[in-house]
Amino acid sequence: MPFNLKNRHLLSLVNHSPREIKYLLDLARDLKRAKYAGTEQPRLKGKNIALIFEKTSTRTRCSFEIAAYDQGANVTYIDPTSSQIGHKESMKDTARVLGRLYDAIEYRGYKQETVEELAKFSGVPVFNGLTDEFHPTQMLADVLTMIEHSTKPLNEIKYVYIGDARNNMGNSLLLIGAKLGMDVRICGPKSLLPEENFVSICEEISKETGARLTVTDDIDLAVKDADFVHTDVWVSMGEPIEAWGERINLLMPYQVNTDLMKRTGNPNVKFMHCLPAFHNCETKVGREIAAAYPNLANGIEVTEDVFESPMNIAFEQAENRMHTIKAVMVASLA
């Protein structure tokens, strides 16, 4: 079946077919090779892209900016302190203004409804840089990284996400694995697993793609024979440390440490993290947490020994954000 990604939004990957996702991954690999070889051709000359950031960012902002510059596009960075968004002007009105000025809009913020409103009213392609529900550009980078670190066909790769799984990472890793026919395990305390209705949507997708989906609180079941172990922070941006007590008690058994990695039974298992990671006390937040919870001084969701080991491929994952974001923009705008 033919497909066309021209002028397409990237909101969650729910509406992207497996073939379209694989095309974006292949394009990202081609663009990455071209950048390394010094043969990249700018295909977005004259394009202008607005980057709306309601949440702070390092990797997403840098990736969008470098990807755009590499391809000859211009960007404007917009944050809540430098615009009228949400103060004097609604997102709907903002969308209708920016859509007349820009060729595409990236949004990183809180509600999925907001990025969908931008897509509905702007009249230009909108790219989701992260919401509370989905993180599609991260998913493309994650799968590209797993492909690069595996000799297996895509549908034979086994990966587990472990920890607080009711967030954008848990949802998105379940969704993209279902779309691509992969062996996906989502593991965490029962109260921190993806919502049942979303799991049902992914299970319906898996019937078409042959994906194997496991959502469980059983760590040994989830990590057995895994090729890749993913995790994410246990606390969201802006949450007070005082609110961590119950969460930490729930999640401590799901911490990624040397023992958990050994429980996979795979000597070649790799560790992945969307970053930033709390793996030591070298940050202000890390020190505050260690002061309140001394048993976490050597790492929270992942321990220092795992993070600083050859198992960790999170920095290649971070680089691949840029290559996959570039692929999304080229496919939609070139």
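Quick reminder: no glycine exception, Cβ is built from N, Cα and C everywhere.
Annotated carbamoyl phosphate binding site per Swiss-Prot: S57, T58, R59, T60, Q84, R108, H135, P136, T137, Q138, C274, L275, R321, in sequence order, evidence recorded as sequence analysis. Per Swiss-Prot, L-ornithine binding site is recorded for N168, D232, S236, M237.
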Residue pair H135 (carbamoyl phosphate binding site), D232 (L-ornithine binding site) - Cα distance, angstrom, rounded: 12
Candidate binding-site residues S57, T137, C274, R321, pick with smallest Cα gap to D232 (L-ornithine binding site): C274
H135 (carbamoyl phosphate binding site): tally of other CB atoms within 10 A of its CB: 27
Between N168 (L-ornithine binding site) and R59 (carbamoyl phosphate binding site): CA-CA distance (Å): 16
Residue with minimal Cβ packing [other Cβ atoms within 10 Å] among the binding-site residues S57, T137, N168: S57
Cα-to-Cα gap, N168 (L-ornithine binding site) vs C274 (carbamoyl phosphate binding site), nearest whole Å: 11
Assigned element (helix, strand, coil) containing D232 (L-ornithine binding site), judged by DSSP: coil
